[in-house]
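Sequence annotations record features per position, and here TrEMBL assigns active site, nucleophile to Ser184. The active site annotation in TrEMBL covers His247. Residues annotated as compositional bias 'Basic and acidic residues' in TrEMBL: 15-34. Here TrEMBL flags 115-263 as domain 'Peptidase S54 rhomboid'. Residues or ranges marked as region 'Disordered' by TrEMBL: 1-34. Residues annotated as transmembrane segment in TrEMBL: 70-88, 120-145, 157-174, 180-199, 211-230, 242-262, 274-296.
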Amino acid sequence: MDIDIEEQDPLAVDPVDRDGRRMGDTEGDDDGNRKVGCCERFHHSISKWMLPEELHEQYRERANCCPPPIFIILISIGELAVFIYYAVWKPQKQWVTLGEGIWNSPLTYKSDRREEAWRFVSYMFVHAGVEHILGNLVMQLLLGIPLELVHKGFEVGMVYMAGVLAGSLASSIFDPHSALVGASGGVYALMGGYFMNAIVNFREMIPLLGVFRIGVIVIIVGTDVGFALYRRFLTHDVGLKVSFVAHIGGGVAGMTIGYVFFSAYNKKLLKDPRFWLCIVGYIVFLLFAVLFNIFLSPA
């Protein structure tokens, strides 16, 4: 029921709006009119971690879970399903490090089978052991779901797959005799894009949280690359010679293509010259890698 403004008590401590609510009573309200629900608090946290401050309100106004972060969830389920298949249905001595099953898999990238072009992408579904898949799944879910809520599945999917393909192509050039398994290329692409946004928008993304973000990424990357270098150079098991170059290739893809996608929130990418610069650079790299594998690869 509307309240006649002329009939309101002129001695009232707090003025009231046209709906009869006291304008001074904002405790527990997000805008003075209604209480903040769990969903709104969740989206508030997402905006604070994923976007610069000037975009927080814009995100919360349009925030919803439709469509849900289906891409990163489906990819994670697929990777887990393939790991379980090779760990359970294929005889393994241990789950910590899988053996013959994954090396004979039609999904694994192997230099002597590179004419089977799908292996340049399908290797992301195969993992070398429990720590390998757990590290990738935890990182891509913790980072990929919030990114997909903000930027939606198409953008996150493009960045992820660009990292996967860049990882295998970079490995085929710089470490051509090694096999390749794991989703690290895609995971590092997500981390690279997020890392660049945290660096570029350091002041706008709350400096203290920015230091925490960057520190966590550096620790995770350092630990994961350390394991990758160990698997590549220090283990004496021939079957474990897994290339680490996919981490670098995926990270570079993330810091270029991923940065452009994740920094262009609610903007048209086709009008952004950075987008075309990254796309042209990626295509040039792709063509060079294909020609290298056909004519120049020592493998």
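Positions of Cβ are set from backbone N, Cα and C atoms, glycine also.
TrEMBL entries are annotated by machine, without manual review.
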Helix, strand and coil residues within the domain 'Peptidase S54 rhomboid' (115-263) as assigned by DSSP: 119 helix, 3 strand, 27 coil
Ser184 (active site, nucleophile), number of other Cβ atoms within 10 Å: 33
Rounded Cα separation (Å) that holds between Ser184 (active site, nucleophile) and His247 (active site): 6
Other parts of the chain folded back onto the transmembrane segment (242-262), taken as Cβ under 8 Å at six or more residues beyond its ends: 128, 147, 151, 155, 158-159, 162-164, 166-171, 174-175, 178-182, 184-197, 200, 221, 224-225, 228-229, 231-232, 269, 272, 274-275, 278-279, 281-282
For His247 (active site): intrachain residues, at least 6 apart, with Cβ closer than 8 Å: Gly167, Ser184, Gly185, Tyr188, Val221, Asp224, Val225, Ala228
Within the predicted model, mean pLDDT of the domain 'Peptidase S54 rhomboid' (115-263): 85
